[in-house]
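I have a structure I would like to understand better, so I am pasting it below and will then ask my questions one at a time.
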Amino acid sequence: MIRTMLQGKLHRVKVTQADLHYEGSCAIDQDFLDASGILENEAIDIWNVTNGKRFSTYAIAAERGSRIISVNGAAAHCAEVGDIVIIASFVTMSDEEARTWSPKVAYFEGDNEMKRTAKAIPVQVA
């Protein structure tokens with residue numbers, strides 16, 4: 001059996017640019033890519049917390065330390081500057097591998113200040 005698992009996630013980053021006329025993609029600060037394990041040109045899903053839209057694109061690197069999250073091309077219709085989004089990538093693996101797999105998650109606040117990283121998502125309590 002093959003399972004699709006969360007590989008990396010940027011939780012609640014703020015969109016800093018939306019460029020309709022730039023060639024597709026989502027430019028992400030290289031520090032953020034490193035923290036989440038997302039690679040340049042990797043397929044990503046973006047879930048817009050602000051407006052509820054969900055879309056897919058691919059990641060490209062933005063300047064390290066810039067805190068840039070730039071939604072580009074047609075995807076710019078799905079996000080505006082200031083929107084809060086979650087960016088995730090997924091990986092496929094065997095059932096055996098999935099049972100011990102840990103994603104790389106980075107949590108953000110304010111103007112894309114990385115507050116912490118984790119290897120798991122906390123259990124949701126009642």
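Yeah, the Cβs are placed from backbone N, Cα and C, and that goes for glycine too.
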Of the residues Thr57, Thr92, only one is listed by Swiss-Prot in the substrate site with Gly73, Ala74, Ala75. Which is it?
Thr57
Might you list, by sequence position, any residue in that chain lying six or more from Gly73 (substrate binding site) with a Cβ less than 8 Å away from its Cβ?
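Sequence-distant Cβ neighbours: Asp19, Leu20, Tyr22, Glu23, Gly24, Ser25, Thr57.
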Based on DSSP, name the secondary structure state of Ala75 (substrate binding site): helix, strand or coil.
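In three-state terms, Ala75 (substrate binding site) counts as helix.
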Would you list the other residues of this chain near substrate - those whose C-beta lies within 8 angstroms of the C-beta centroid of Thr57, Gly73, Ala74, Ala75 - in sequence order?
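Along the chain, the qualifying residues are Gly24, Ser25, Cys26, Phe55, Val71, Asn72, Ala76, His77, Cys78.
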As a test of the contact definition, list every same-chain residue at least 6 positions from Tyr58 (active site, proton donor) whose Cβ is closer than 8 Å to its Cβ.
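Set apart from Tyr58 (active site, proton donor) by at least 6 residues yet with Cβ under 8 Å, we have Gly24, Ser25, Cys26, Asn41, Glu42, Ala43, Ile44.
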Just jot down the residues in the same chain as Ala75 (substrate binding site), at least 6 apart in sequence, with C-beta under 8 A of its C-beta; none if empty.
Gly24, Ser25, Cys26, Ile46, Phe55, Thr57
